[in-house]
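Annotated features in Swiss-Prot:
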- 29-49: transmembrane segment (TRANSMEM)
- 87-107: transmembrane segment (TRANSMEM)
- 117-137: transmembrane segment (TRANSMEM)
- 146-166: transmembrane segment (TRANSMEM)
- 196-216: transmembrane segment (TRANSMEM)
- 219-239: transmembrane segment (TRANSMEM)
Amino acid sequence: MTSHAPDPIHQFEISRLINVSIGNVDFSFTNVSFFIIATVVLSSVFLFISSSSRRLVPTRMQSISEMAYEFVASTLRESAGVQGMKFFPLVFSLFVFILVANFIGLFPYFYTITSQIMITFSLAMLVILTVIGCGFYKHGIGFLKLFVPSGVPVMILPLVTVIEVISFFSRPISLSLRLFANMLAGHITLKVFSGFIVSMVGLGFIGVGGSILPLIMTVAITALEFLVAFLQAYVFTVLTCMYLNDAVHPGH
């Protein structure tokens, strides 16, 4: 949704805004860098404004921030217990960042940073590395019990352990791909339909009549994309809470 180029993939192109290179290393400031900073700034400003003047009868902004707080807190408590609340700052930051980034990308000419696999994979790796680091810090070598389910017959225990290890280290892949693929597919679909409408209108009166149905579809898909933007942030947060439970309670 970031341009009117005929190619629906063009909107995901990474472009340099400020060229910076040191030796053979490229440190250029890109459109992705800009929208990452914009997402952080907008999230921070919204949370600051909504929480700076708290009222007994909450404003709309205060209600939204309190709902986000309660959602993350309750999800974390249900998944990892009271001990899991120490991860609240991380989980809340991830939820707000992904949600705001997804919503920003729905506006014309704005870039969707969550449609870049490098961004979503970085967020997923942050979660998994936190699980591993905190798990070993809290339990030491006992964290490895995560890969040895209790009650499994000795004969098949090695096989089950291998499956558990593969499953654990595939988490960042599935977590990142889910968010990346949904945002990418949705924006490509919108671009295709909007491009079709422009092409139909260019045909004249008959084309205008034929563009009504695609226009209705585009509006419906746009509304659906707002829902998907929230759901993907929701799913990422829920799965993050479930994974962080392994750092607190590694035993099956």
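Even glycines carry a Cβ here, placed using N, Cα and C.
Owing to the predicted nature of the structure, the values given are computational and were not obtained by experimental measurement.
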Residues of the same chain, at least six outside the transmembrane segment (117-137), with any C-beta under 8 angstroms of its C-beta? 32, 36, 87, 90, 94, 97-98, 143, 146, 169, 171-173, 175-177, 179-180, 236, 240, 243-244, 246-248, 250
Cβ contacts under 8 Å made by the transmembrane segment (87-107) with residues that lie 6+ beyond its boundaries: 1-2, 35, 38-40, 42-43, 46-47, 68-69, 71-73, 75-76, 80, 113-115, 123, 126-127, 130, 134, 179, 183, 187, 222, 225-226, 228-230, 232-234, 236-237, 240-241, 244, 247
Same chain, outside the transmembrane segment (29-49) by at least 6, Cβ under 8 Å from its Cβ: which residues? 14-18, 20, 61, 65, 96-97, 100-101, 104, 110-111, 113, 116, 119
